[in-house]
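Working notes for the structure below.
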Amino acid sequence: PSLIHMEFGPLIDYMDENDTNSTVGEQNVMGCVQIHVPQELFLALGLISLVENIFVILAIIKNRNLHSPMYYFICCLAVSDMLVSVSNVVETMFMLLNDHGLMDVHPGMLRHLDNVIDVMICSSVVSSLSFLCTIAADRYVTIFYALRYHSIMTTQRAITIIVVVWLASITSSILFIVYHTDNAVIVCLVTFFCITLVFNAVLYLHMFVLAHVHSRRIVAFHKNRRQSTSMKGAITLTILLGVFIVCWGPFFLHLILILACPTSPFCNCFFRNFNLFLILIICNS
């Protein structure tokens, strides 16, 4: 399989090589330090992340006070993160069962499972980035168009946005996996990541620079309080965006290096620690 295919779903390669549980900090002949992560750690983190996201989704569903567009988007972001957790748990379970000789599955079935996991992870990447942009835009409207917010961001419009994002994410993910041998897939993913970062950075910068000017125009106390609440929400989401960049950044740097220097010794050393990047992604979810 291609490099991009292996990054999204290493199940088949693992079943063939069965060597991912090596000692931590192994050093190869080229002097590269390769840190292997035990599969049990992947499974534990995946289960914790899965439970946490389920709690977030249930809290939003159960609490009527949270039935608003912003929380609908946050709920969808939790679902996106849950896709990473589910795919990680399923994949790791198959690897552990194979390690202990408890599974004898036809290679064709493993290939189909690998493709499904690839689509889930890729959908999570695209949808997470999309919903981060959507949430940023929602906060922007809340702060700068507070009096018109409910007419701009209606429930029907929010549902339409959610449906469009999920359809686009699933469709693009399937196309990415079908054409995984083409470098254009990596270019598209990296470009989309950069565009979403710039979009979010511009919105949040504008919010922080002009929020105090905008707040002076609103005299009534209850509206000032609403403005303060909106700014707190923007600050919280900015922190979430920063965490997202830290956790997903190494993965996208990995993709960039695949295009820029696939045969370079330095890049190959970076590639060897891909499991660490997966741990960061799981922690973010």
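The chain as shown is numbered from 1 upward.
Just so you know, glycine gets a Cβ as well, placed from its N, Cα and C.
Nobody curates TrEMBL annotations by hand; they come from automatic prediction.
Some features that TrEMBL has for this protein:
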| type | residues | note |
| --- | --- | --- |
| TRANSMEM | 41-61 | transmembrane segment |
| DOMAIN | 52-285 | domain 'G-protein coupled receptors family 1 profile' |
| TRANSMEM | 70-96 | transmembrane segment |
| TRANSMEM | 116-137 | transmembrane segment |
| TRANSMEM | 158-178 | transmembrane segment |
| TRANSMEM | 184-213 | transmembrane segment |
| TRANSMEM | 234-260 | transmembrane segment |
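Between the transmembrane segment (70-96) and the transmembrane segment (158-178), three or more CB pairs separated by 6 or more residues in sequence fall under 8 Å, so the two stretches touch. Per-residue confidence over the domain 'G-protein coupled receptors family 1 profile' (52-285) averages out at a pLDDT of 81.
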